Amino acid sequence: MLTLKKPNEQPIRRLLVVPLKCSSSGPSQDTEQSEPETTSSQSSSVSLASTSNSADSWRAGIGAVGLAETAYLTYLKLSGSDAFCPLGGGSCGDVLNSDYALIFGVPLPLIGLLAYGFVTTLSLQLSAKRLPFGISETYGRLVLLGTTTSMAAASSYFLYILSTKFPGTSCSYCLMSALLSFSLFFISIKDVGMEEIQKVVGLQVCIASLVIASLSASYGTSPSIPSNPGTIDLPYFTTEITTESSPFALALAKHLHSIGAKVYGAFWCSHCLEQKQMFGREASKLLDFVECFPDGFKTGTKMIKECADANLEGFPTWVINGEVLSGEKELEELAELSGFKFNE
């Protein structure tokens, strides 16, 4: 404080005020409040990332199962072998060998193999955060949603075909593939979220419609299979073997007959005919061939008791030394299985 004094006057006191800047406790409170919010946001992000990784793992696992199934069926289709049907007996092979197992001439299992392979690969890449071509994670998940939508739509259509064109027929591979496709579809829906789905729902409907329209166009040129059990009437007929028998085929046929080996088949089975063509005209007559439908075939006709007791899974089926072998077999394989050694 300064004091100024003039003659004959009282001292005047002036207060010197030094400006001070005061800080409020407000900012510290805001900082304290923002920390929980940041932590909560980080926890939410971690939770979402964990959920996405779990969905990717499930998708990759289910896709791998579908990949294994379709790879097996593709091999059977390309090799002309009959499928092992854990349920439904030989009816499973009837479905897989029908015209409905082709789409514009392409084997259906091969298309499924490519679809499951794509889903599995992309899911693994999403899980590892290493997407190709620099595409974003969001776009990758939308691509998976579109792919699984098409797979689910196709499975729905195939279930319709199975119930209307093959009444009373059980196809375990068809049902398993449908279950896998629907599972992938629902996982993709949950992974993307309803908010994103609402933005692309129109596109999803277009994809499903396009898939069903394409399948309908493909099967529109295929011969229809009567659903009425009384409309199929196939009288028994014989087929001519046009190939000549080699010395090896003749000796093998005699050996198989001597050890009591049997081959079960049907007169309308193309694979049975091909098996006989391998042996040739003379040798095929020496085989113990059991015709399972000697009186012809109608829908609902049962096999003869000997074939029914053999628990056949398809045609042809070999029974050699008590061992049951389904499908066509090369002559060398039959020789090895029966213990035959050819001595020229």
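Note: Cβ is positioned from N, Cα and C throughout, glycine not excepted.
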Quiz prompt | Residues flagged as transmembrane segment in TrEMBL, choosing from 139-160, 271-292 | solution = 139-160
Practice problem: On the DSSP side of things, how many residues of the domain 'Vitamin K epoxide reductase' (52-192) fall into helix, strand and coil, could you say? | Solution: 110 helix, 4 strand, 27 coil
Quiz prompt | Distant-in-sequence neighbours of the transmembrane segment (200-219), which means Cβ under 8 A and at least six residues beyond its ends | solution = 99-100, 102-104, 142, 145-146, 149-150, 152-154, 157, 161
Self-check item: Residues from the same chain, set at least six apart from the ends of the transmembrane segment (139-160), whose C-beta lies under 8 A from its own
Solution: 52, 59, 100, 115, 118-119, 122-123, 125-126, 131, 174, 177-178, 181-182, 184-185, 187-189, 191-192, 196-197, 200, 203-204, 207-208, 210-212, 215-216
